[in-house]
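These come from TrEMBL:
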- 1-195: domain 'Mannitol dehydrogenase N-terminal' (DOMAIN)
- ALA3, VAL4, HIS5, PHE6, GLY7, ALA8, GLY9, ASN10, ILE11, GLY12, ARG13, GLY14: NAD(+) binding site (BINDING)
- 202-376: domain 'Mannitol dehydrogenase C-terminal' (DOMAIN)
Amino acid sequence: MIAVHFGAGNIGRGFIGMLLNKAGYDVCFVDVNKDLVSEINSRNEYTVLFADEGKETFQIRGVRAIDGQDLDEVAREIAHADIVTTAVGPNILKFIAPAIAKGIQQRVKSQKQPLNIIACENTIGGSTQLKAYVYDLLDESVKKQVESMIGFPDAAVDRIVPLQKNEDPLLVMVEPFFEWVIDQSKIIGSIPAIEGATYVNDLTPFIERKLFTVNTGHAVTAYVGYQYGFQTIEQAITNESIYRITKGALQETGNLLVRKYGFDPQQHEEYSAKILKRFLNPFLSDDVTRVGRSPIRKLSPNDRLVSPAMQALNHGIVPTHLGSGIAAAFVFDHPNDPEAMEIQESIKENGLTKTITRYTGIPDDHELFRIVTKQLDWIKKSRNDFYNH
Ligand SMILES: NC(=O)C1=CN([C@@H]2O[C@H](COP(=O)(O)OP(=O)(O)OC[C@H]3O[C@@H](n4cnc5c(N)ncnc54)[C@H](O)[C@@H]3O)[C@@H](O)[C@H]2O)C=CC1
Ligand SMILES: O=P(O)(O)OC[C@H]1O[C@](O)(CO)[C@@H](O)[C@@H]1O
């Protein structure tokens, strides 16, 4: 069984590639980082290290890699693969679509075996987005055949894997916890037997629960933590004031999720508490700048901050703490983050009001706009108080 996985990075090696390998797949990574590709091919194995007291290690053996820029080679692998997965970042999905489209066109001509392509990204409907990019590139003549042979089930993935600072370039340190939930209703053919993957018929509650708890909480901690000058998530969340803001944001999203999906309030509170504990993991050193990376993506209307805040208001919940997270993202001026720099440029050129509306879609006469600007004043003041103490 062949698994083609796009993105041999942290989640690729430390989560999806590891589970596919354990499930018996011959894992072929596709990556544009040539050094990474050649390192994987020279060793054909790598180590996953658990970030906890036990520091258990796992050897992932028998893996290989190919260059993502070699469209012909990637297409050949896809034509014979048994599963295709991705962990490249939501913004990269459009760039891997040409190789996938080429592979699919070859495949449907030569065989009838169904194939499922699963995007494992932090976004709602990642596989559906990828499907749209791929379909844009398919010949009309094969689309009908592809519709019945190639599935694009959406998925939710949860495992914190920070930036790696190891001597061994392939070693990847991960938190022991993981959750991989896949939309079974969109699978074509038999369900891939992957130990640790959970199949559900309706993914929406799972993806929103994950994105609006883990990723919302993380983003709020990162953006507010950055304002207070903290380097890591652990340092930030240990600060009483940031803990209160993050917990408040999770109460807002929690109230929303309980009302929207009928989750048991007690169970949801336990879920949120477990996530706050994961942020406190002293064995993970996770930079606030990694967790806050790409603020334009994170501030977009369907992502982890604005979507739950809008929905909360529609359910009669006042999203003050989510408003703090959104506000802090507008003053996240990390020089190495191109999206952060673009927002700062926009504020300089067009002013704050236009910039907020442009990136979040929140009209300037909306209640959420008022909350965000109020929280921005509060953040600036509390940051100054923090530094003056
Ligand atoms: N790191 C984490 O804790 C988690 C990350 N995610 C999601 O997983 C995805 C990947 O994140 P990470 O693994 O952290 O990022 P990463 O930066 O460690 O890995 C991404 C990999 O994709 C490769 N890549 C970029 N463009 C490519 C292309 N055109 N073709 C093939 N490969 C390409 C990069 O070279 C890199 O090796 C993102 O969507 C992220 O939101 C989801 C859950 C947890
Ligand atoms: O990977 P993204 O979407 O940039 O956001 C970082 C987030 O993703 C994770 O890497 C994993 O869920 C979290 O650590 C964090 O909430």
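Keep in mind that glycine also has a Cβ here, set from the backbone N, Cα and C atoms.
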Cβ neighbour count within 10 Å of ARG13 (NAD(+) binding site): 30
Cβ under 6 Å from ligand 1: qualifying binding-site residues of ALA3, GLY9, ARG13: GLY9
Averaged pLDDT score, the domain 'Mannitol dehydrogenase N-terminal' (1-195): 97
Most Cβ neighbours inside 10 Å, all chains, among the binding-site residues GLY7, GLY9: GLY7
Local backbone state of ARG13 (NAD(+) binding site), from DSSP in three classes: helix
